[in-house]
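A.B. asks: Next up is a structure, given as C-alpha cells.
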Amino acid sequence: MSLPLFEKVAFIGLGLIGSSLARVIIAEKLANQIVASTRSQKTLDDAKALGLIQEGYTNPIDAVQGADLVVLALPVRATQKVLEIIQPYLSEKTIITDVGSTKANVVEAAKAVYGDALPEGFVPGHPIAGSEHTGVHAGKVDLFAHHKVILTPLPSSADWAIQKLIQLWQASKAEVICMDVEKHDEVLAHTSHLPHLMAFNLVEQLANREDNLDIFRYAAGGFRDFSRIAASDPQMWHDIFFANKKAILNAVDGFEKQLAVIRKLIEDENSQALMGLLGHAQAARQHFNHMLANRPLMEKNKVTTQQFTILPGKKNFQGKFSVPGDKSVSHRSIMFGAIAEGTTHVTGFLEGEDALATLQAFRDMGVSIEGPKNGEVTIHGVGMHGLKAPASELYMGNSGTSMRLLSGMLSAQKFDSVMTGDASLTKRPMERIAKPLREMGALLQTTGDRGTPPISITGNQKLKGIHYDLPMASAQVKSGILLAGLWAEGETSVTEPEPTRDHSERMLRAFGYEVKTEGNRISLQGGGKLTATEIQVPSDISSAAFFMVGAAITEGSDVTLEAVGINPTRTGVIEILKQMGADISVENERIAGGEPIADIRIRGSRTLKGIHMPEDQVPLAIDEFPALFIAAACAEGQTVLTGAAELRVKESDRIQVMADGLKIMGIDCTPTDDGIIIEGKGKSGEWDAIFTGGEIESHHDHRIAMSFSMAGLRTSGEIKIVGTETVATSFPTFTELATEAGLAIQVTE
Ligand code: S3P
C-alpha cells in the first residue's frame, strides 16, 4: 500500500472550506492524522463528533506540533497573529498554505513574521468555491469538485511543497492553476470582488428606497439572481474589500466608466450602439466557458469533455435534411460586412464555434453586430478604416480560416494585435501566410515553436501590392493575401498551382469590389471600398459530405440534402463518389446569393468500388477526405490517394489520424507522404459490417469525429469516438440530424 500524502494535517480554523478539505482528506485517505485548532470549543467538539478530526485544541501551538501540513482556514486578517504564534513550532519541512480570497496581504502577513526569508514550504492558495452556508456542519466532500483552485507559489516556495499541494487539491477533483500573487488579486477583484460589491450595493440602493417593501415583494428573477451573493458574510467581505483595496478600486473605476457608456447610449437612444454592446456582452457570456476551457493556461490539466458511442446493428439511413450554413462563406460574410460601408444582412449563417470566433473578433474590434439568431446576422460596417484596437488578444478557437484571413486584414490596420487559438490551431503552420504578408511590408511574428500561433502583428505598416506564386493550393493563404491587398498600394495578385475555393473572390465582387480572375491568376487593386449587401449562406457541402458517404455505404438508404452549395471549387466529393460508383444525383440547381446551390440525393443501391482518386479533384474535396476514406474502406478493391500532402496540416494530421483509426477498426491501409492506400473490404452486392468497432481518438478534429461516426453504419462492434466536442465548430446539429437519419449516436459529456 502506498503511503498517505501527509502524516499529520493541522487545520487552523474549521469552517466551510477547512471542514470540506478535511472531508476530502478523509475520503481519499490522504493523511494518517487530522487535528484542528479553533477558538470555539463547540466547533472542535462538533468536528470530533462528525469524525473530521482526531484531536482538537484551542491553542494552535498544540495543533501544529509534528504536522507536515498546516492549513490556515481562518479569516485572512488573523494570518499574521497566528503565524507569529505557531512559527517557532514548525519544521523546515512543514508545508504551510491558506485558503483566503486575497493573496498579497497573506504574503505581507508572512513577511511581517519571517522577514524576507520566507519558508520553503509556504505556498498560499485559494479554492474558488463556496456557499452562503458557513461553519463546520456546512462542509461538503465535493465542494471543490470541478471548481478551480489557484495556488500562488512564491519565489521562495520549493517545488516539493507545490507538487504536494497540487496533489492534495487534485484529489478533491478541483482544477489546479498556478499564478502569481498580483495576477491572482487582480483577476479576483474583477471576477469575484466587484460582483459581490455590486450585489451588496444594489440591494442597499433598493433597500433605502421608500417603496422598498414593494420592490422586494415584486422582485423578479433578475434581482434574485443578481443579489444572491449579497447574502454572504459581511465581515468576510469587509475584510476582502480592504485587503485587496488597490485592485478593487481599479475594478470599480472600470465599472463606473462602463456604466457611463451604457447610460449615454440609453440617454441618446443610440439603438445601433446599444444593440452592439448588448450583443457583444451576450456573446461573451455564452462563449466564455468554452473559450476559457481551451486557453493554454488550462491545457496541462485539460480533460476530454465529450465522446460519441455508436452501437452496431442494422441501420436505415433515410430522410431530407438541411445541413447548416457553409463555414467558409459564413466567415467571409462577417469579415467583409465589417469593413463595408453600410449594413449587411446575412441569412443561413453557420452558428458553429469557428464562425462565431470570427464574429467575436470583429465585435472585439468595435463592430456592432446583431445576432446570430436563427442564422440571421446584421453587421453595421465600419468601412475600410473603422476597425478599432481590440482590448486584448483575439481568440480564434479551432479556426485556421479565421486566423489566416485575419492575418491579412490585421497586418493592414493602424493598431497592434495578437491572435491565439486552441490546442489544434496552436500546432498549425502560419508561416505560409506570414511570409507573403512580410513581402508586402507587414510586420508579423509567429510566436509559437515552429512557425505556429500565437501570431503577433505590429500595426501601422504601409503595405505594397506584390505578386505571389502560391507554393501550395490554399484558399486561406490566397484570401489572406488578397485581403491585405485591399489596403496595399497598387495591385496585389496571386497565382494558384490549382484552383481552390473562390468564395473570397465571389463575395468581394458581391460587395462591389473588382477582382480579376485570369486562369489561375487572381488580382485586385488596393484602396477601394466595399459596399454593404445581402448575403445568403448556402448549406455547407463539407457537412453534407458525411451524410452523402453515410448513404452511399448503407443498403437501401435514401438521403436528400437540400440547398447545398455546389460552387464548382467545392464539388470534388460529388465527382469522386460518382467515380466510385455511388448512386448520386444533383437536382434542382439554382443560384442563391451569388452561389450555385442544389439538392443532392444519394441512395445506397450498389457497392462502391476502389479507385485512384483524381489529383485534380484534391483541392476541390480537400475537407471531405476523412469521410471519403470511410467510403473507400467500404468499397470493393483498393483506393489510392496521392497529391494530398495538405491533409497533414489540417485540424489534425488527417492522413495519420485516419490511418490509425481505420487500422483500429480492422481496415488494412498504408499512409504515404501525400496520401493513403486503403484496401476496401466491400464485396459487390453485399452490405455486411466492414468495421470491427473500437476506440478512436479524434485529435480535436471535427471531421475525424464525424467521419468515424458514419462508419457506425457498417460496424459489427461498438465505436467510441473520444474528444468530439469540436464537432460544434462546424456542424452543431450533427448528432441531431444523424440520429434523425437513423444512426444511433450516444453523446456522453
Ligand atoms: C478554407 C480553406 C481550406 C479548407 C478550410 C476552409 C477557407 O483550407 O480546408 O476548411 O475557408 O478558405 P486551406 O486553405 O488550408 O486549404
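Backbone N, Cα and C atoms are what each Cβ position is placed from, and that goes for glycine too.
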A.B. asks: In TrEMBL, the residues K327, G400, R428, Q476, R654 are said to bind phosphoenolpyruvate. Which of R285, R521, R606, R703 is said to bind at that same site?
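C.D. replies: Among the candidates, TrEMBL records only R703 at this phosphoenolpyruvate site.
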A.B. asks: Sequence order is fine: just name those binding-site residues in K327, R332, K650 with a Cα within 10 angstroms of R428 (phosphoenolpyruvate binding site).
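C.D. replies: The binding-site residues close to R428 (phosphoenolpyruvate binding site) (Cα within 10 Å), listed in sequence order, are K650.
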A.B. asks: Any idea what DSSP makes of R428 (phosphoenolpyruvate binding site), helix, strand or coil?
C.D. replies: coil
A.B. asks: Nearest by CA distance to R703 (phosphoenolpyruvate binding site): which of the binding-site residues is it, out of S328, S474, Q476, D623?
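C.D. replies: Nearest listed residue in space: D623.
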A.B. asks: Validating a neighbour-count step here. Other CB atoms within 10 A of the CB of R703 (phosphoenolpyruvate binding site): how many?
C.D. replies: 28
A.B. asks: To the nearest Å, how far is the Cα of D623 (3-phosphoshikimate binding site) from the Cα of G400 (phosphoenolpyruvate binding site)?
C.D. replies: 13
A.B. asks: Distance between R654 (phosphoenolpyruvate binding site) and K327 (3-phosphoshikimate binding site) at the Cα atoms, whole Å?
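C.D. replies: K327 (3-phosphoshikimate binding site) has its Cα 19 Å from the Cα of R654 (phosphoenolpyruvate binding site).
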